[in-house]
Amino acid sequence: MNLDYLLFDIKRTLRNRRVLIFAVLMPLVLFLIFGASLKESDTEAGISAIAYVMVSMAMFGSMNATMSSGGVIATERDGGWNRTLRLTPLKPQAYVMTKVILSLLLAIPPMLVVFLAGMILGHVHLSAGQWISVALVSWLGALPFAGLGLVIGYVAKPDSVQPITGLTTMLIAAFGGLWLPVEQMPAVMKDVARLTPAYWTGLSSRSALSQSGLDMHALVVVLCWTVALGFIGLRRYRADTARA
Amino acid sequence: MTTTTAVTLTGVTKRYGEVQAVAGVDLAIRPGEVVALLGPNGAGKSTTIEVLLGLVRPDQGDVRVYGDSPTNAIAAGRVGVMLQSGGIIEDAKVGELLDLVAGLHQEPLQPQEALQRAGIADLKGRKMKGLSGGQKQRVRFAMAIIPQPDLIVLDEPTTGMDVEARRDFWASMHAETAHGRTVLFATHYLEEADSYADRVVLMRNGRIVADGTSAQIKASVSGRTIRATVPGADLAALAALPGVRDVETRGDVELLQCADSDDTLRYLLANTLAHDIEVTSADLEDAVLAIGAEQETLA
């Protein structure tokens with residue numbers, strides 16, 4: 001990772017307030033809509049239904065915020081920025097790490113806001129340890145989407161990147177069980193869900209709240225997705241020398 | 001020879017589909033040379049530069065920058081580059097961009113110093129997207145000198161600048177070359193190649209067609225031009241004069257392209273009322289055009 005590059009990107013991101021506010025508002029509103037119909041006594045997959053939706057919406061929010069980096073990358077590439085970077089000593093691995101860490105930072109605000117809404121408005125009661133554990137695991141769950149945002153940033157053009165990102169986010173969230181609990185899906189859909197990274201990030205995050213403890217299998221799948229997508233992003237960065 | 005060249009291209013070719021962008025280029029640049037890569041659009045200048053910088057892998061041939069691969073030379077901070085367009089982030093501030101580039105290098109010039117040398121210390125807090133084309137070029141120039149490179153590569157650096165901005169730019173550039181830096185710049189402005197380069201490499205259709213000092217290239221084209229006002233001039237008769245290759249009329253002035261201007265002059269003075277006579281040798285533009293015409297004939 002390169003700290004100067006990270007700071008450079010953070011400053012630019014913080015100037016773009018509309019995007020930041022939208023990234024926080026969307027999952028919050030969705031949580032309030034989905035959560036409003038639930039009673040505190042409802043349960044789903046062994047945990048409180050409101051907690052289930054809270055985790056799902058936090059995951060959705062972080063995924064949404066993380067994937068927005070694809071749009072930024074596509075625009076940067078279009079302006080020939082990657083050629084400039086390639087003509088500096090910045091190593092491709094450092095570039096990918098920097099972009100992934102930036103995405104992880106972007107994932108924090110929407111997750112925190114949804115968790116706070118769950119705590120205050122949804123009356124989700126968790127021990128301090130559980131809060132920390134669910135927050136950390138959910139945060140790690142943003143990793144594959146940081147990789148996916150990177151890859152989309154390299155595949156898409158600036159004018160197509162928004163719809164591609166939007167559609168991908170929606171499909172993954174819907175089929176991965178972030179909007180409709182996997183437990184309520186028909187068998188075929190459950191199989192499809194397992195093909196999406198969101199299924200595994202949701203599973204690992206919820207496991208932080210269950211009695212049986214962290215689902216290590218799910219965590220390993222999440223990390224595999226991250227490595228695979230990060231590697232593709234790395235290859236694409238290396239290959240990309242398009243003129244402005 | 002143990003001296004390492006700054007740049008060595010050996011037998012470089014690059015094809016894009018049907019277009020042979022670079023068709024066998026051999027070029028060695030010694031440390032300290034200021035070289036202009038001159039040629040019309042599509043001559044292969046940009047591709048040659050991209051190959052030299054490792055942005056494009058040549059189909060054939062070898063590239064060395066200070067005896068190493070371009071990537072390693074760049075990683076070592078030995079190369080500063082100013083590309084033709086783009087390459088910046090529009091929503092970033094000038095100072096932020098320079099801080100970043102400095103942060104990516106081992107022994108950078110202080111960003112403030114780079115801004116001053118580029119003559120844009122006052123633009124530090126401005127966003128890129130509000131700047132004029134010429135101002136952006138100066139930011140790119142500041143970015144190029146931050147690594148304190150041994151070699152500066154500039155691809156059409158003054159595109160989009162007005163005459164004054166261009167002159168200022170070259171003044172800043174001169175200050176850099178005074179430190180013994182090697183410079184390679186691509187341009188299609190003959191005047192820039194003529195005024196600022198020690199050596200002019202002329203490219204056409206992906207090949208180097210002439211290589212030497214601007215004086216050598218001019219000398220490669222024989223003949224001189226006589227300008228004279230010739231009352232009652234008859235074009236056909238003038239064209240038939242001894243030593244004349246071609247005649248052109250501009251207003252009341254005749255331009256006589258001569259293989260042997262002395263013979264023509266003797267005749268003009270002895271047999272016509274020609275006055276206001278000027279004799280000039282070919283300038284770089286004539287040389288370039290002549291070399292181009294020669295190439296067309298050969299092709």
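Yeah, the Cβs are placed from backbone N, Cα and C, and that goes for glycine too.
What TrEMBL lists as domain 'ABC transmembrane type-2' is A:18-240. TrEMBL lists A:20-38, A:50-75, A:96-122, A:128-152, A:164-182, A:216-234 with the feature transmembrane segment.
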Do we see three or more Cβ pairs under 8 Å linking the transmembrane segment (A:96-122) and the transmembrane segment (A:216-234), pairs being at least 6 apart in sequence?
yes
Which residues, given as numbers and ranges, are at least 6 beyond the ends of the transmembrane segment (A:128-152) yet have a Cβ under 8 Å from it?
55, 58-59, 62-63, 65-70, 73-74, 96, 99-100, 103-104, 107-108, 111-112, 115, 119, 161, 164-165, 168, 197, 201-202, 204-205, 207-209, 214, 219, 222-223, 225-226, 228-230, 232-233, 236
Could you tell me what the rest of the chain brings near the transmembrane segment (A:50-75), counting residues at least six beyond its ends with Cβ under 8 Å?
13, 19, 23-24, 26-28, 30-31, 34-35, 38, 40, 42, 44, 99, 102-104, 106-111, 113-115, 117-118, 122-124, 126, 134, 138-139, 141-142, 145-146, 148-154, 156-158, 161-162, 164-165, 168-169, 172-173, 177-179, 181, 198, 201-202, 205-206, 209
